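Okay, so here's the structure we're looking at.
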């Protein structure tokens, strides 16, 4: 049956929700896929000498902590690194693909790759898959145009900013960055601000945790700092508790005899020549 063409209205459309509910009623045993929440806090900012990137180290599988010391800062080029949030496999393989392309590009042209080139390849690749590659990336590096920082989203959109944060803990991290960021910060001040931003994401989000990793990129090279800070130290137990028998009163007691049926078995030894 034909329907009149109407102008799309703004807001959330519940057509797919009604469709999924109808399919669940008609097809017994059908499991409608649900959106998977991924947890990470990644951040980056530009300071006077370059770019500094930071990330937490927790990898989760739904509500289970799969890895407490996961590396989320990926190598792209000697002066370009990338932080990955979202699906760990998608972020890992996407950054590996771009790193190999940048190596071939450097060998064929004889020039160092630019940060804008890396960002362009990433956003074109992610846009091609229309968000099915769940990788949110922060690209930072230093080239002949100076320090640059980009945020790339899973659907291919991007933005160039002096500071940014992505992941499930981005709200807490951005609150710290927006409050304390200043242009032309020193390395010590930028490093302290980055640690505070990622720590805020770790403490404010259950999907983020572990330690704080960082990567400092300048025109002379990059330095990866593993376990720069450990905001969530394990709590030490005060001691073990011992309770003597009779501490807890027994109110009722019931004894049920268990009948067992004895079965006789004969074992025949194997003849060995």
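Keep in mind that glycine also has a Cβ here, set from the backbone N, Cα and C atoms.
Among the features that Swiss-Prot reports, N-acetylmethionine is placed at 1.
The active site, nucleophile feature in Swiss-Prot is assigned to 40; the stated evidence is similarity to another entry. Under the DSSP three-state reduction, residue 40 (active site, nucleophile) is assigned to coil, being neither helix nor strand.
Taken from Swiss-Prot, the feature phosphoserine applies to 230, supported by a large-scale study or a structure entry. For the recorded site, residue 230 (phosphoserine), the DSSP three-state label reads coil.
Here the recorded positions are 40, 230, and the one ringed by the most other CB atoms within 10 angstroms is 40. Residue 40 (active site, nucleophile) and residue 230 (phosphoserine) are 16 Å apart (CA-CA, integer value).
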